[in-house]
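> A single structure is presented below for examination.
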Amino acid sequence: MKIENKKWSLEKFNQIREEVLKQWPTGQDVDLEEAIEYQKNIEPKKRVTAKLKEAKESGITLIQPRAGVALIDKHIELLRFLQDEGKADILPTTIDSYTRQNNYEDAEAGIKESREEKRSMLNGFPAVNHGVQGCREVVEALASPLQVRHGTPDARLLAEITLAGGFTDFEGGGISYNIPYAKEVSIERTIYDWQYVDRLVGLYEENGISINREPFGPLTGTLVPPSVSHTVALVEGLLAAEQGVKNLTLGYGQCGNLVQDVAALESLRELAAEYFADFKDIMLTTVFHQWMGGFPQDEAQAFAVISWGASTAALGNATKVITKTTHEALGIPTKEANAEGLKASKQVINMLRDQSLASNDKLEKEKEMIKKETKQIMDHVLELGKGDLAQGVVKAFKAGVIDIPFAPSRFNAGKILPARDNEGAVRYLDHGNLPFTEEIVKFHQKKLEDRGKDEGREASFQMVIDDIYAVGQGELVGRPKKNKKEENSCK
Ligand code: 8ZB
C-alpha cells in the first residue's frame, strides 16, 4: 500500500466510501447531502468549533469529561447529568471497545444484554449500531456540543455515522489511535484510513459545516516525553489539514512537573503556529489531559491529582481540559463521581482564571529544549519521506525515529525509555533512535545522573518502573524505598 500526503480526489473517496458504508447495515442510512443539511441546522452554541473559538478568544479553559454507556436513553441521562450538574462545557461520547475493534456483532449483543440486565454491559456508546437516528436522538436531547472519543484504528464508518448524526468533533488519528491501541495494524493502513476520515471532515468544511478534529495527545498515557507527543500531534494535524480539516485541537497529556507541562503547552502552540503557517484559515486550539497514568485508589488523593491537572491546564492556558474522576483506579466512573471531577476542576480553573506562570529562565529553557527536540524529529521524518510527510512517518516508525514508549504495536520500535529527573520532569533515559544532537542527549543524561546521585543509585530501568507506579502510590518521582524510610525516621 503506497500512501502519500496528498488531498484525495473525490473519485477515490467515493469509491472507498461505498465499501465503508456497507460494513454494517446502519451505514446505508448515511446520506451526505441530507447530513450536511442536518448539520446546517445545528445552532452555533451546539458546535464544538464555536465553543472552542470563544474560549480561545477569551483565554478561558473549557472542561470536558469522558462518558458513554450502551443504551440511548441511559446515555442521554448520563450526559444530561454531566451537563447540568457537572457543568461540562463540551460533552463526550466515549465509544465501547467492540465498536473500536469494528466488532458490531458483539456490540449488538451488548446492547441486547444491557436491556435485559437493565445496566450497561458495554464500556461505551455503540454509535455505529445505534445508527444516524440514534446519534441524533442524543445530540437533540442536549444543549451542549458533543465530541466522539474512542480509540479506533479504522474509524471510517464511525465517523460517517456520528457526523451525519450531528456530532461536531471527532477524536483520533492514524498514529495516536493505532500505536497505543493495536498490535498488528500497520501504520500505512491507519494513515490511509484516517485520511478518509479527514477527507470526510474536509467535505463537510467545503459545504460550510465546521467540524473539529482532535489527535489523541497522551498516546500511551505514562511518561511520554513532550517532544514525542508534540511530533505526533503535529504530524496528524498536518495530514488532516492536507485533506481539508480546518479546526484542530492538539493534545498533550500531563506529565506532572508544572514547569515542564506549562512549557509543553506553550511550545505546542508556538510549534503549531510555525508548522501550520501555510494553512491560512485554520483554527488551532489545545487540549490538556489530566494525569493519564495510574491513579491512587484513595478518593481524596485522587482529587488532589485531578486538581493538580486542572491547575496546570489553567496556568498553561489550554483551551480545554479533559477531566478524570476519583474512580479512575477502579474502572468506569459513576455519573456522580464524573460530575465531581468536573466540579473540582472548574473550581480550580475559575480561581486561576486571571493568573499565569510568569516567564522565567527555567520555563524558557524547557520550551527551548522541547522545541529543538520536536524540530529535530520532524526534520528527520520529512527527510526520510523525501518531503512527503505520510511516507516519512512510515519510514520513521520503521527506523525508530518516531518511537512511543510502552506501546503494544509491533510497528513501533519501542527503544526509548523515559524516566523522571530529580524534579519530576520526564527525560530520555534512553533516546533509542530519536535523531537528537549531542546537546540534547547530554542534557537528558545530566538530568538523570543528578537524580541518580541524589538517590544513591545509577539511572536505570528500575527508575522507570518506580516512576510508573509513583503517582498511584502518592508521589510523583519513584524514589527508592530506603530513602523514604530515612526521611520518615528523621521526623
Ligand atoms: C484512554 C482513555 C482512558 C480513560 C476513561 C477511563 C480512563 C473509558 C469510559 C471512560 C467514562 C466510559 N473511560 N471509557 N470514562 N465512561 N464509558 O477513559 O476511565 O480514564
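Backbone N, Cα and C define each Cβ position, glycine as well.
Whatever TrEMBL says is automated annotation, not expert-curated.
So TrEMBL lists the following for this protein:
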BINDING   ARG66, ARG100, ARG149, HIS150, GLU171, TYR177, TYR181  L-glutamate binding site
BINDING   GLY68, ASN123, PRO180, PHE295, LYS324, GLU328, ILE332  adenosylcob(III)alamin binding site
COILED    353-380  coiled coil
> Out of the binding-site residues listed (ASN123, PRO180, PHE295, LYS324, GLU328), which are within 10 Å of ARG149 (L-glutamate binding site), Cα to Cα?
none
> What binding-site residues in ARG66, ARG100, PRO180, TYR181, ILE332 place CB under 6 Å from ligand 1?
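Close enough to ligand 1 are ARG66, ILE332.
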> For GLU171 (L-glutamate binding site) and GLU328 (adenosylcob(III)alamin binding site), what Cα-Cα distance in Å is obtained after rounding to a whole number?
21
> When the number of other CB atoms within 10 A of each residue's CB is tallied over all shown chains, which of the binding-site residues ARG66, ARG100, ARG149, HIS150 has the maximum?
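Of the binding-site residues ARG66, ARG100, ARG149, HIS150, the highest Cβ count within 10 Å belongs to HIS150.
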> Using DSSP with the three-state reduction, classify ARG149 (L-glutamate binding site) as helix, strand or coil.
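Once the DSSP labels are grouped into three classes, ARG149 (L-glutamate binding site) ends up as strand.
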> Can you grab the distance from TYR177 (L-glutamate binding site) over to ILE332 (adenosylcob(III)alamin binding site)? Cα atoms, rounded to a whole Å.
20
> Whole-number answer please: how many Å between the C-alpha atoms of HIS150 (L-glutamate binding site) and GLY68 (adenosylcob(III)alamin binding site)?
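If we compare the Cα positions of HIS150 (L-glutamate binding site) and GLY68 (adenosylcob(III)alamin binding site), the gap is 10 Å.
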> Check each residue in the chain of GLU328 (adenosylcob(III)alamin binding site) that is at least six apart in sequence and keep those whose C-beta is under 8 Å from its C-beta; list them in sequence order.
PHE295, ALA302
> Do you know offhand how many angstrom separate TYR181 (L-glutamate binding site) and ILE332 (adenosylcob(III)alamin binding site) by C-alpha?
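That comes out at 18 Å between the alpha carbons.
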> Starting from ARG66 (L-glutamate binding site), work out which of the binding-site residues listed here (ASN123, PRO180, LYS324) have their Cα within 10 Å, and give them in sequence order.
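So the list reads LYS324.
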> Measuring Cα to Cα, how many Å separate ILE332 (adenosylcob(III)alamin binding site) from ARG100 (L-glutamate binding site)?
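Taking the Cα atoms only, ILE332 (adenosylcob(III)alamin binding site) lies 17 Å from ARG100 (L-glutamate binding site).
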> Near ILE332 (adenosylcob(III)alamin binding site), how many other Cβ atoms are within 10 Å of its Cβ?
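The Cβ of ILE332 (adenosylcob(III)alamin binding site) has 17 Cβ neighbours within 10 Å.
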> Please give the average pLDDT for the coiled coil (353-380) in this predicted model.
96
> For the binding-site residues GLY68, PRO180, which one has its C-beta crowded by the most other C-beta atoms within 10 angstroms?
GLY68
> Given the binding-site residues ASN123, GLU171, TYR177, LYS324, which one has the fewest other C-beta atoms within 10 angstroms of its C-beta?
ASN123
